[in-house]
């Protein structure tokens with residue numbers, strides 16, 4: 001009995017020492033080495049690809065953000081600002097558990113393909129987007145009707161960007177063809193020509209749009 | 001270019017990359033596990049552990065090493081989460097201690113190579129828990145899986161000995177020589193794509209239309225790469241590999257899929273090398289490849305076809321998917337993550353078509369052997385191979401043998417026990433959760449909320465949770481609120497039992513095989529390196545596991561997909 005207790009203790013001791021030494025290797029040395037390389041070689045990307053305009057931070061190129069008015073609709077959701085290109089619907093929620101930070105929690109709706117809630121949401125989004133952009137409901141593309149996986153999707157489809165161009169131009173008092181050209185200039189093709197989908201980065205497009213509006217469309 | 005063509009090209013590019021890495025990586029790993037030399041750093045580690053890396057272990061000793069190391073891992077990770085509240089803010093990001101049931105669940109999850117998460121990374125875990133706890137288990141739980149697989153291979157390769165090698169040496173070599181160097185390279189690639197890698201706290205960044213946004217810092221890329229490479233799957237953020245900081249673009253997405261598959265596939269080469277016949281490895285590879293490719297093609301088809309009322313109304317299956325990946329790449333990721341024991345997601349399976357959700361479920365139910373988790377995929381497939389030769393032996397009335405070893409009563413009993421564990425856990429816990437009054441309240445897609453009123457998806461959420469847990473996958477139909485004492489405890493148990501009970505039988509099997517005297521090959525021996533056997537193996541897998549779960553699948557995804 002004593003013997004087996006002693007040998008178990010010895011084994012657990014070996015396990016603990018193994019864990020601690022591997023924690024030093026994989027949990028301290030490894031992340032520090034990678035961080036060192038990353039910070040030296042890819043400083044901007046490693047720190048979140050923050051974008052500044054005139055020295056002021058306007059967000060991360062990788063993360064979606066909202067472009068809303070102070071006014072709210074009847075459900076208490078802030079209304080979209082017609083002066084900006086709008087991102088995809090988002091199911092990301094406010095922080096529920098740790099109230100110390102009002103942090104955005106990434107995530108998806110997780111609603112099923114046969115969910116009434118999702119079906120109603122899709123119909124509502126179609127109607128809203130059509131009314132907001134003064135287009136036929138059937139013209140609204142799928143990415144404008146569905147919530148993304150992260151809730152922070154930085155991109156929209158070129159179709160959704162083109163759909164919004166006219167409304168954006170009107171709201172900013174810009175010629176429609178200038179804004180349409182701006183959209184075309186901001187379409188990112190598939191990576192290496194075949195990976196993923198074509199997309200438009202909403203933040204980059206809106207920054208360029210604001211510059212254009214600032215010069216009165218003379219650019 | 002049409003989305004479908006782009007999806008197919010991505011699949012082809014992935015296959016080409018895997019084919020190119022198959023031989024070099026497989027041969028390299030065979031060298032690592034059979035080399036007689038120790039690196040200087042390794043010698044230092046062995047001295048710290050107090051273990052002799054050259055001492056051969058019989059299967060009970062090997063198993064004791066696995067269990068002791070893993071038990072210590074669970075305890076350490078549990079305590080680290082429990083003390084998070086008293087750590088300085090620079091280490092905890094100000095987050096409080098994790099509750100006991102959730103801390104148990106998370107500790108079990110990461111040590112069992114499952115990485116089921118009942119918490120949201122960005123609102124629960126600080127730098128210390130993520131980097132010192134979770135990321136470390138991402139490495140070592142993978143190395144444990146590979147060690148057990150190599151021990152089983154040695155059982156086939158060795159004769160008239162009971163010794164399966166040294167657990168400590170296999171653990172350390174797998175970590176230091178295979179996982180670490182690949183991770184350093186992979187992490188730098190991910191950062192170059194735009195994944196973050198820093199130790200800053202939660203901070204505010206501006207917004208174009210005014211106001212601010214709060215974002216996390218963290219050692220994300222370094223954890224992301226081992227999360228995929230070690231088929232772990234636990235995301236730094238709640239949105240996992242859908243979060244732009246974890247998976248910034250379409251290239252990083254395909255690269256992460258590659259990382260998930262590269263070791264499990266290449267281990268079949270390692271197996272072939274170690275048993276002295278690479279063709280035996282090719283047969284296993286073929287069986288894995290056929291299932292992986294078939295399931296992926298089926299998934300791409302159903303997602304492009306986007307059946308289901310809500311998806312039809314939207315005109316595409318983009319709910320829970322990111323624009324930069326699109327439908328095709330998301331579908332490849334989904335089958336890959338569920339056919340391995342990964343569970344990372346770049347899109348949310350709960351919003352897939354009914355059939356697509358069913359494919360992710362069935363992928364896990366096959367036991368995650370095509371190609372499966374690092375190590376666990378290979379040993380799971382070899383156990384199925386034993387079952388397949390046994391079936392073939394029954395057909396011709398001859399004692400079955402595999403790789404020169406007789407598959408006798410003892411071997412087939414151990415293999416049978418192995419394949420019975422997971423279904424028992426999955427179906428037992430699912431039945432209990434549906435029968436009790438409290439647990440069904442966690443379901444998001446409740447009965448009244450489905451268009452046809454069937455509530456099939458709600459059942460799938462619970463079935464998925466235990467399938468994912470017991471098979472050590474970690475992905476979810478994430479609508480289910482699993483952060484309750486019931487689910488934290490039962491899924492925690494399912495993960496531990498689903499990981500370590502099979503290992504007991506695998507190592508016992510390895511010990512029994514290693515003691516045998518090899519039987520000479522005769523004209524009547526089933527040629528297990530031929531396509532016929534690979535086909536038999538695929539058939540055995542589909543029939544045995546498919547039939548086990550058919551009633552449950554009929555109640556969930558099939559009812560949803562066909563209604």
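Using N, Cα and C of the backbone, Cβ positions are placed for all residues, glycine too.
Those TrEMBL annotations? Automatic predictions, nothing curated.
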Which listed span TrEMBL calls transmembrane segment, if the choices are B:132-157, B:210-235, B:314-339:
B:132-157
Under TrEMBL, which of the candidate ranges B:378-396, B:397-415, B:454-472 is annotated transmembrane segment?
B:378-396
Is the transmembrane segment (B:178-199) in contact with the transmembrane segment (B:532-554), using at least 3 Cβ pairs under 8 Å (sequence separation of 6 or more) as the test?
no
Per the 3+ Cβ pairs under 8 Å rule, pairs at least 6 apart in sequence, do the transmembrane segment (B:132-157) and the transmembrane segment (B:250-270) touch?
yes
Near the transmembrane segment (B:491-511), which residues from the same chain, at least 6 beyond its ends, have a CB less than 8 A from one of its CBs?
58-60, 62-63, 66-67, 70, 74, 101, 104-105, 108-109, 111-114, 116, 118, 148, 151-152, 154-155, 162, 164, 376, 379-380, 383, 386, 411, 414-415, 417-418, 421-422, 425-426, 429, 465-466, 469-472, 482
For the transmembrane segment (B:178-199), could you work out the same-chain residues 6 or more beyond its ends whose Cβ comes under 8 Å from its Cβ atoms?
28-29, 32, 127, 139, 142-143, 146, 217-222, 224-226, 228-230, 244-249, 251-252, 255-256, 259, 263
